[in-house]
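K.L.:
Dropping the structure in here first, questions after.
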Ligand SMILES: *Cc1c(COP(=O)(O)O)cnc(C)c1O
């Protein structure tokens, strides 16, 4: 079977889903063109309203991208030099970068071996009187252990920011990502579960005062044009991207369902040879990524590549070992679980339109590899 010559299988194929959404997107874009309102018009406002309703929060603020969402959230809490923010070392760089960009110090805590998310039992030991917030990341589309995290945060009166960039629509006890912490941050980078065709992001909150502050911060700290009460940023949600996202939002639940189906087929095929991604009972995993763990993952990646099947490593270097964070003085061995996972993890192609035939091809290569390497 693995000798079949098939078209290459990428990690994500955005063109396949375009066929489904092309017409509603073109109609939505045309409305923007004809409106003459190109910054913060009716599409951006409508998207904020619709996404807030989808997540189950009263407020949403559209911003430039997911990284800005994180940075603006920290700014909303006046977090800066001298402050510490706890987060996971096993995430995309932007999570730690946002903390450092506001002048605060990232403080890392190792992850849970099964879910790859921040291990709540390790948070308390790094809390100091400078700790102002925790940025909890819902990695690969699976929410972190929010109950314990919210409890620690409440005990020490620190803020919780959910980095839900990979987790739109994911659930924890029936509550969606971005609705539990003080603030939720989303990215609509094209390959995310809800993707724009450019950069875009959004912040959710339950608190009116935070909402009002974030609306100002994203627009140069002004409420009324040319009157600036805060130092903010230029990080508005682009009107054209909002139009695209509005056209795609009605498909989100279908796309998430299809991702779960792809994940289910992978797990069914591998569970005897590999530990499948662990999904605790109360968690609605949306499988932004489907990752497996194995000792010789580099060899499997090569084998897949030989058959024109993509794979990827999210992420090869934990944040505490990144060159840009050398100044924090962490060293190899500080977060053994994150380090071990970074050496063993491999993401397989997953996207809503991945056909059963293509997936079967990926599965056959992985299974053959696992069997010949036993
Ligand atoms: C994608 C991502 C971001 C950054 O989002 P951008 O829109 O690319 O700025 C931040 N955190 C995580 C976990 C992400 O996956």
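Yeah, the Cβs are placed from backbone N, Cα and C, and that goes for glycine too.
Just so you know, TrEMBL annotations are computer predictions that nobody has curated.
Per TrEMBL, the features are:
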type	residues	note
MOD_RES	192	N6-(pyridoxal phosphate)lysine
ACT_SITE	192	active site, proton acceptor
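Map the listed features onto the structure and describe their local environment.
P.N.:
Within its own chain, residue 192 (N6-(pyridoxal phosphate)lysine) has 66, 165, 166, 168, 288 as residues 6 or more apart in sequence whose C-beta sits under 8 angstroms from its own. In the three-state DSSP assignment, the secondary structure recorded for residue 192 (N6-(pyridoxal phosphate)lysine) is coil.
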